[in-house]
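Working notes for the structure below.
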Amino acid sequence: MARREDDMEKMKDKSEPLLLPENGCDVSEEEGASWMVCLSTFIAVCGSYEFGTCVGYSAPTQFGIMEELNLSYSQFSVFGSILNVGAVLGAITSGKISDFIGRKGAMRLSSVISAIGWMIIYFAKGDIPLDFGRFLTGYGCGTLSYVVPVFIAEISPRKLRGALATLNQLFLVIGLASMFLIGAVVNWRALALTGVAPCVILFFGTWFIPESPRWLEMVGRHHEFEMALQKLRGSNANIAREADEIKEYLATIAHLPKTTLRDLIDKRNIRFVIVGVGLMFFQQFVGINGVIFYAQQIFVSAGASPTLGSILYSIEQVILTALGATLLIDRLGRRPLLMASAVGMLIGCLLIGNSFLLKAHGLAVDIIPALAVSGVLVYIGSFSIGMGAIPWVIMSEIFPINLKGTAGGLVTVVNWLSSWFVSLTFNFLMIWSPHGAFYVYGGVCVLAIIFIAKLVPETKGKTLEEIQAMMM
């Protein structure tokens, strides 16, 4: 343990001169994203799009599948929820897989498993193969939800890392929306085939882009590390300082013992874990999955048009994720957007909760639908600008590379388990008290605001090595 602490002190000492370059940033950092960074990011976020198609598939296909395969509601519920089971398993193994076969290898493996799952769904004649196919697509989702943001963070220039990383969430919501739109005009089997397309692009696309330079250096492939970094920064870019910074940091990390789950609660690592786990916890426990999955039920219960409400929030989610978080994250910073997001979601919860409270007492009946719709729109819009994308961005930034496999897998598991729990309990809360349910979620928003203010660091404009040195 003494040797470990000495190594960590050396890492802190070695990182300091790297944080204060005499002449500012590299040429590569100032020039922004090269065409290869853009291409690599686009290929990677095809995995995010695939993630969205998996999550969105069950809603538009429910009645078609139940009618053709003669499934009961309970059987279809198993089909819908088994995605989370596969995703949790994928999340548990994602960190180790991406450390062992690389970020590109993990994305390829996930694309193959997801494509197989979609094809099993397409050919399914009963509930068992249907569930197995859904489980496989869930496993692919669980792995992709970790490896895509990590890969993007590790290849991006510091000044554009936040914007590029939020493309993960943007393509996720586009994939989700595409399932609703395409599912309105094709049957469930044809819709399953559309889920194969991003898998094919992701699998073949990874052969044309470089591997994460940091991973290559970590596993000792030094020549490939420099080639990949040069390709990502551009043929004319000076990568010398950035390469030296990464090499020196990883050389110090290499002297530390192999990371285990027990190391995550070490005093030098616990802040990384608390921030990562806490953000994933609050991202889900503010009630987002309950609101999205049951938005139509909320509109109907409040006396509003479910069709109009669903169209409005779907369009809003895509636009605000694209124009809000993607454009503002590297200008305003992570913390301000997270704070604004949590405050907005609190206001949305209060509007929705008040609409149900008024309905329960028969008061101000004329304004109840407007309160419900505006509350959902404020809630979804606020989630889209901050809590939707930024926890994944920060997760990909804060963990030292020797912790990424273990800690990244942990926080991804926390995210999926929290998602499953919120989805499971939402209906019970609505039965107990519709307005009380949203007041509970509002209370969680208050806790999220306190958590962000007290513990979440600002990572805008810093290298990954600077962020980790700062937190230690």
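Glycine too: its Cβ is placed from the backbone N, Cα and C atoms.
Given the structure is predicted, the values throughout are model-derived calculations rather than measurements.
Feature annotations, courtesy of TrEMBL:
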{"type": "DOMAIN", "residues": "40-460", "note": "domain 'Major facilitator superfamily (MFS) profile'"}
{"type": "TRANSMEM", "residues": "73-93", "note": "transmembrane segment"}
{"type": "TRANSMEM", "residues": "105-124", "note": "transmembrane segment"}
{"type": "TRANSMEM", "residues": "136-155", "note": "transmembrane segment"}
{"type": "TRANSMEM", "residues": "167-185", "note": "transmembrane segment"}
{"type": "TRANSMEM", "residues": "191-209", "note": "transmembrane segment"}
{"type": "TRANSMEM", "residues": "272-295", "note": "transmembrane segment"}
{"type": "TRANSMEM", "residues": "307-329", "note": "transmembrane segment"}
{"type": "TRANSMEM", "residues": "336-358", "note": "transmembrane segment"}
{"type": "TRANSMEM", "residues": "370-395", "note": "transmembrane segment"}
{"type": "TRANSMEM", "residues": "407-432", "note": "transmembrane segment"}
{"type": "TRANSMEM", "residues": "438-456", "note": "transmembrane segment"}
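Long-range contacts of the transmembrane segment (407-432) within the same chain: residues 81, 84, 87-88, 91-96, 98, 142, 145-146, 150, 259, 261, 264, 269, 272-273, 276-277, 279-281, 283-285, 287-290, 293-294, 297, 301, 391, 395-396, 399, 440, each at least 6 residues beyond the stretch ends and with a Cβ under 8 Å from a Cβ of the stretch. Under 8 Å from some Cβ of the transmembrane segment (438-456) lie the Cβ atoms of residues 271, 274-275, 278-279, 282, 285-287, 290, 334-335, 338-339, 342-343, 345-346, 349-350, 352-353, 356, 375, 387, 394, 429, all in the same chain and six or more residues away from its ends. Here the transmembrane segment (272-295) does not touch the transmembrane segment (105-124). Their Cβ atoms form fewer than 3 pairs under 8 Å, with each pair 6 or more residues apart.
When pLDDT values are averaged over the domain 'Major facilitator superfamily (MFS) profile' (40-460), the model yields 86. Note: the stretches the transmembrane segment (191-209) and the transmembrane segment (105-124) are in contact (3+ CB pairs below 8 A, sequence gap of 6 or more). Among the stretches 105-124, 167-185, 370-395, the one making the largest number of Cβ pairs under 8 Å with the transmembrane segment (136-155) is 105-124. Residues 41, 44-46, 48-53, 55-57, 59-61, 148-149, 152, 191, 194, 198, 310, 314, 317-318, 321-322, 325-326, 384, 388-389, 392-393 of the same chain lie 6 or more positions beyond the ends of the transmembrane segment (167-185) yet place their CB under 8 Å from a CB of it.
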